[in-house]
Structures are given as C-alpha cells and as structure tokens.
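A.B. asks: Structure provided below as structure tokens; questions to follow.
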Amino acid sequence: MEGYDYEFVPPVEQRYECPICLLILREPRQTKCGHRFCRDCIIRWLRAPCTRCPVDNEQLVENDVFPDNFAKREILNFNIKCPNKKDGCDEIVTLGKLQNHLDICQHSLVPCPNRCASILHRHDLQEHMTQHCEFRIIFCEKCSDSIKANAVESHRLVCPNVLQTCTYCGQSKPRAQMKSHVEIDCQHVQISCMFYSLGCRDQMLRSLEDEHLKSHSIEHLNLLCHAVNKLVNHFENIINKPSNGEVELSSRLLRSTSTSSNTVSFKTSSMSPLEGPLLNINPFTDLYLTDTKIEHPMTHEESFLSGASNSPSTGPSSHSTFPNRNPLLLQRANANSDIFPYDNSAIKQVVQSSSSVRLVQELKSSFEEQMSVQKQKIEELTHKLASMEQLNADLALKVGKLKGELEESEGRFCNGDFYWRIPEFSQYQMKAISGEPSMLHSPPFYTSTWGYKMCIRANLASNLNENAGHFLSLFIHFMQGHNDHFITWPFSGKIILSIIDQNPDRNSQVNISETLIPKPNLIAFQKPTSFRNHKGFGYIEFISLMTLKTKNYLKDDSLIIRAQVFPENN
C-alpha cells in the first residue's frame, strides 16, 4: 500500500515523503544507507529485478531494511483534515486517530447493515433503514406476519386475511374463506339440480334451490323410480342369463331323471309332469312391494314341490336379483337330492364358475375404462408440460435480457468507484489448483454516467519459482460502451486497484493498493473493437495467496476488490 494521501495541516516537510510513491511515509522503513521509504513500496521495489536503493543506487536486500518507529510516531502525530471534507466534515484530527474519527464521522460512506445495495452517508443510515431499505422488516397489517419491504406486493397475493370480493354476490371475504363461501354459502352462484345425474338438467341460483325442489318433486320422484327400475332390470338380466355350464347341467339332470328306476309320486293332483330344463328351477325370488315393505314369497321350485298352484301371483311385483342367490340354489339343490340322484358338486362348480367369470368380466371392463381415462389424462398433461417448457424457455430469455440491462444500469452509476465482491473464494482457489479455468470477470462498470466502460479480470497465476507459491492477478479491460463514439481515446488518467481489508476495527485495516498509469500506445487503452478488449493491463502478481490469508482480506470466504478510476480531463 502506498503512503498517506491526505491533506496535512500544516503541510509536512519533504523529508517525510517516500521517494518511490511521493506520498507521506506509511509504516516507514529505513535502509542501511539511511533513506526512508514506505514499507510496501521498498519491499515491492526490492522484489523487482533491480535490488538497489532507488536514491543512491547502493546494493540492498530485504534484510537491510528495518522499521523506523521514531519517524512513524512523528507522522502519526501530524494533523490532517478529514477525508470526508468534500462531503461537509470540517474536523481536523491527528493521523493516528483518523480511524477512530472515521468510525463515527457522520459523513463517512457506509454500506447498509441489511446488505442491500445502498452505500450512503452515516447520518442518512437510520432513515434509510427505517423508511427506505428494501430489506427492512415490516409487519403485514392483515395477518401480522413479518416480511421484507420488497416482498409486500407478493405477500398480498397470498395473504390469507386480505379481503376479496365475491364475483357472484359482491360480499367481501378473507381469501382463506372465499373458496368455501363460493362452494357452499354464496346464494348467487349458479348450480345444477342435485338430481342432475338422474336426468334433471335444470340450473338455478343457490337461493332458489329449495323452491326448485318443491316445485319439481313429482318429476324428481319419477326420475328416481326410473333409475331404480333400470338398476333392478340390469341386475336381473345379468343373473337370469343362463351360462353354458347351467345349460349342460340341465341336460344332464333331464337324462338322469328319464333313466332312473325310482318313481316320484306327488299327492297334489294339480302338479304337472317334470318338464323343461332342471324343472324350471329359478334361483331368484320374486319381490312383492306391499306398501313400503319388500316381502320374499316362496320360490317357484318351492311352490312346485309343495304342491302349490302354477297360476301366476296377482298384485304388483318387481323382480330383483342379488349376487348372494347362488348359495341359495346350492342349498335347495342339496335339499332335493332325494328326488334327483345326481352329484351336487357339479351344481356348485357351475355356479361358482359362472360367478367368477362374471366377476372377471366386470373387473376387466372397469380396468379398461380406468385405463382409457388415465391415458387421456396423460396426453393432456404431456401437452401442458410441453407448453410450460416453451413458456419457461421464453421467460429464461427475458430474464437473461433483464439481468444484462440491470447490470448495465448498476455499473453506469458507480461514478468510477467500483466494488467487486467475489464469494466462495476457496472453491475458486481449489478449481485453479486442480487445473480448471481460473479466470473471473467482474460485472461491467462506467467511470461516470457518460464515461468509459470497463471491467476487472481476476485469475490465479502460478509463479515459475515453485517456492514463491501462487498469486492473484488483477487486470483492467476496457469494453465497448454506448459512449465510445464521443469520448476521447486512448484512455488517459490513472486507475487504483485495491484489496479491501475487512477488519471491523478500522484502525487495524491495511488495504493493499496499486496504481496503474496508462500507456496510450498499448492496445489495452485503445478503443475496443470487440465486446471486451482482449488485451488487459494490470499485475500478474498483485498479491500472494499466503498474504490473503493474513489480516482480514478474506471474510466469510469472500474477497472484495475496489477499482477507482480517475480519467484525465480533456
């Protein structure tokens, strides 16, 4: 770091100036030949190929340089004007107590503690944190949740207590209650009749639903009766339909009765001879509706064997079939085994087989229907996914464009004093050691609103001498900007690159700085002919990685680089 560049009161004698940087000595060092230099200046000078005293050209090495504490005490007692004088601070303090003053100076520039992008004077900090900072914490007026100020609008879109107006009735309800209000309570919602699935296609406001049910009760009862009759007939057709096994069993029983030596006698004279397959044994019972009760009269085969009349029953009847009638057939077949000498296990096998076939068919039909529905849903989701992927691709392009515009606008207003924070520096270092590309470029910035556009390049370079270790290289690259056609080329002025010491104690901070003096004949300072000038200007060995680990240059694994650009006024 170069010497002190402050306004001393009164001006300091020339004997306290460093012959190398021409500033007031910082951490003064004296050589064996009696000359004084800044510590960093003389060490950097001796590490260059030339190892002679810059004043009398006497041979020097680093061991010939030692601290000059007497000169240091004298210099630290000199009075200086506060560096914030241009911002309104008129304090005059001793150099040794400068940092104590800067820590409380109301005109010092400090970053926002909430880590927003603002850097402002200390006297404006409290107002900024309570009224303007986008990261300040506020409380939602509706639900009392704590949120950041920049998230208020997005929170209002999901806040459960924000009032919403029902689009049907105009009532205001909290967002959390609006869904149940529309689905259950709102009397102005258009709904379908509860008998819609049975055939009533009327629609009405929920407030008129009771009136509709009262005025259409007869139609609804007819629809309900019709649906019940269809259901009864459906089951009756399924079970009354004889299977191949039942037809074969009837034939076997008929042959068995015709060849039997036993004679069956019946006391009832009205009984007709055996005829038809299986004596017309019907495993299902007629259901008679008497008032509101369902009675189970005797089955046809029971009335036949007991001598009942073959005449049909009078009175209204409705046939209903149930899957549990097959066990009844097995029971009755076993009861009549004395009349029909055949193996009852055949009946059981046929009945069980026919029931299993019907069950498998029903399951297959249900499975195929579900598969068709799922296939249609998959096709719809596939189409939606393709649409969303295209939408995401479009949004990604827009976001990339907006990020570029945002970086451009942020860099334009830094006024030539740019801070670049490199996070996760240890990972960057490990990648460089493993041989991966170790080059980083900062976001672009401008020297002023209508000035030059440039960026910082940082990369890790290995010294040819393995004992010297690794170094961080820093370079400045000029970039094509909107102002290139009316500003002066090549660039002239000076550029100061600094590594910021992040020690909270300002008195102990030791920033590492180097000043670049442009050379107009170099391509690096000419008007760029591409997006970024491929030639840069800077230091291959700006700082060793071992030095970075000292002090507080790395904090939270982050490195902060500062670039101060001072163009020459033309």
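Each Cβ is built from the backbone N, Cα and C atoms, and glycine gets one as well.
The model shown is predicted, which means the values in this text are computed figures rather than measured ones.
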A.B. asks: Under TrEMBL, which of the candidate ranges 259-293, 364-398, 504-538 is annotated coiled coil?
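C.D. replies: From TrEMBL, the annotated coiled coil range turns out to be 364-398.
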A.B. asks: Have a look at 48-100, 101-153 and point to the one annotated zinc finger in TrEMBL.
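C.D. replies: Spelled out, TrEMBL records zinc finger over residues 101-153, not the other listed ranges.
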A.B. asks: If I take every residue in the zinc finger (154-204) and average their pLDDT values, what number comes out?
C.D. replies: 90
A.B. asks: When DSSP states are grouped into helix, strand and coil, how many residues of the domain 'TRAF-type' (154-204) land in each?
C.D. replies: 17 helix, 11 strand, 23 coil
A.B. asks: When you scan the chain for residues with a C-beta under 8 Å from the domain 'RING-type' (18-57), skipping those not six or more beyond its ends, what do you find?
C.D. replies: 1-6, 8, 12, 64-68, 71-72, 75, 78, 512
